[in-house]
Amino acid sequence: MKPTPAELYANLISSTGEDLQRPGLQGTPARAATAFEYLTSGYKQSVQEVVNDALFPSDSNDMVVVRDIELFSLCEHHMLPFIGKAHVGYIPTGKVLGLSKVARIIDMYARRLQIQEQLTHQVASTIAEVTGAAGVGVIIEAKHLCMMMRGVEKQNSVMKTSAMLGSFRANLSTRSEFLALLNN
């Protein structure tokens with residue numbers, strides 16, 4: 001029979017020589033398993049469930065920007081967190097996405113094992129697909145604990161990734177407007 005996640009955590013902790021019966025570690029394997037399940041809960045969600053018909057008709061074709069959306073994810077290489085914020089912009093063509101759904105799309109993908117570059121593109125392509133937007137821009141900036149706690153141990157480094165689709169890629173003035181709105 002396959003071991004439970006809590007049993008796997010117990011084995012991992014025991015492999016360090018720790019005593020699972022000491023007061024500070026009693027229950028830790030179960031808590032760690034519950035935390036990991038939450039941190040990877042994006043695998044159990046679909047775009048359809050997250051968006052949940054929150055697309056609304058709109059005559060606006062002006063840029064929509066949501067910035068400073070907090071996020072956390074687990075790097076697929078070391079399973080250590082990266083923590084940061086996302087900035088999303090899009091140009092609607094007849095419909096707009098409910099504001100909270102932008103954040104929920106980010107959370108759905110962030111709660112999976114992956115890399116920041118992939119997360120950025122997943123968010124951009126999903127918003128483009130769901131809204132039919134003329135263009136989408138996504139920028140994510142994050143600190144990676146895999147670089148801060150181990151390896152080169154650089155605590156002040158920030159990684160920035162971007163995905164520009166449609167008019168955000170093809171039109172310099174659209175991209176410039178997006179970047180200017182992020183800096184105000």
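Heads up, the Cβ atoms here are built off N, Cα and C, so glycines get one too.
Swiss-Prot has this to say about the protein:
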{"type": "BINDING", "residues": "C75, H78, C146", "note": "Zn(2+) binding site"}
Local Cβ density at C146 (Zn(2+) binding site) - other Cβ atoms counted within 10 Å: 16
H78 (Zn(2+) binding site) in three-state DSSP notation: coil
Check: same-chain CB within 8 A of Zn(2+) site center, minus C75, H78, C146: L74, E76, H77, M79, L80, F82, H144, L145, M147, R150
